[in-house]
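In what follows, a single structure is set out as structure tokens and then discussed.
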């Protein structure tokens, strides 16, 4: 939204002049603009709250298909807002796109992880962050003045989401439903086996199906739990705490603050105002390329190690960045140090929290709790985004660059907590649950579930159709 804010504020003012013969003051425009931005988070929060029940009722694939219609409707409203001389259409479109994002983030993540073989699950989970980074970079790229960042074309920038929604609406029907959903929720083993062969190829997957049946037997007669039931259940207490800590840390790690200060640092380094959008492209490209590189190494390193290293790097960088931003008013060469630190922070964020956090609920919770776990995780995500958007300007005004100390605290907390969570690489959800139980010295119900030991060090190569 930042690329077209001047044009949108101009539309708001023109609309009020046209309707009421009233020219708005600057604070009026800023208030309407803030609400237009924040309503996306409100839509995302509502979408996350209803996502769990929708996913359990209709399935992952059907939920994703229907969800595209909200994105298309919202995009059309924003696309026609300039012609209709109505800024309210942008608000309504943003709200619908927020709903789409809140539901889609839950359904998309669950669908991908449940369709992937266990040995490839972490790699597939990283693609979620990679495509989020690709979306941010694409928005930055399309928003430059040579493309859609003009007075004539900005509605197409807001409505571009319709093309991606249409693409998914056309292609997704050719893919099968999630094998786990078919087996656990529908109890349809033949459909599950057929879906696995369509996704992974015509090989023998009896071992994988046996593991799924073992989890199904452990959860026999257990339906999908609600959010309240998940909160009250003692057997997954540490998984729930892990989700809360990791998703709160993801929002309060300081990445939004670093992006905010990047423009100030670029200006201090001598980059001209009209070239700042091109410098911002560099930050987006850094996050995207790092996320892709993370995809290549996670299978060898493991998620826990990379999350730990990512937060260590972010903590160190935030501490140094606080110092360099304070000193850049006194030393002419200090902005260049800040520029290097900004890119180092984005690198650490992309190869740690960004790529490793989103898929956690699908990896550490049993099938019966996944929908509720994603609802909680995405609710924290959208609430944190909304609250941060409201209080961050106040923090900057009162603390200036020392606001990074607050984000540094959450990064350090994440570093400490990660030491007490198990590695998820090449493990089933039952094995991960038992490991949580062992680490925290709890003798819970999952200790009584019998399952054979697997060779977790050996990595089996899977051929898939994609």
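The backbone N, Cα and C atoms fix where each Cβ goes, glycine too.
Bear in mind that TrEMBL entries carry predicted annotations, made automatically and left uncurated.
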Per TrEMBL, the range holding transmembrane segment, considering 207-229, 276-298:
276-298
Beyond the flanks of the transmembrane segment (31-52) by at least 6 residues, Cβ under 8 Å:
1, 5, 8-9, 12, 24, 63, 87, 90-91, 94-107, 226-227, 371-372, 374-375, 378-379, 381-383, 385-386, 389-390
For the transmembrane segment (240-261), what are the same-chain contacts with Cβ under 8 Å, counting residues 6+ beyond its ends?
230-231, 283, 307, 311, 314, 318, 321, 325, 338, 342, 345-346, 349, 353-354, 357, 360-361, 364, 373, 376-377, 380-381, 384-385, 388, 392, 396, 401, 403-404, 406-408, 410-411, 413-414, 417, 421, 436
I'm a bit unsure how to read this: which one of 91-112, 305-327, 399-418 has the highest number of Cβ pairs shorter than 8 Å with the transmembrane segment (333-360)?
305-327
Same-chain residues near the transmembrane segment (64-85), Cβ under 8 Å, at least 6 residues beyond its ends:
11, 14-15, 18, 58, 92-97, 99-100, 103-104, 107-108, 111, 154-156, 158-162, 164-166, 168-169, 172-173
Take the C-beta pairs under 8 A between the transmembrane segment (372-393) and each of 91-112, 156-175, 399-418. Which stretch has the highest count?
91-112
Six or more residues out from either end of the transmembrane segment (91-112), which same-chain residues have a Cβ under 8 Å from its Cβ atoms?
35-37, 39-52, 54-55, 60-61, 63-64, 67-68, 70-71, 73-78, 81, 124-125, 127-128, 158, 161, 165, 178, 358-359, 361-362, 370-371, 374-375, 378, 381-382
Which stretch, 156-175, 276-298, 305-327, tops the Cβ pairs under 8 Å count with the transmembrane segment (124-144)?
276-298
Counting only residues 6 or more past its boundaries, what in the same chain has a CB within less than 8 Å of a CB in the transmembrane segment (156-175)?
1, 3-4, 61, 64-65, 68-69, 71-72, 74-76, 78-79, 81, 90, 93, 97, 100, 115, 139, 142-143, 148-149, 198-199
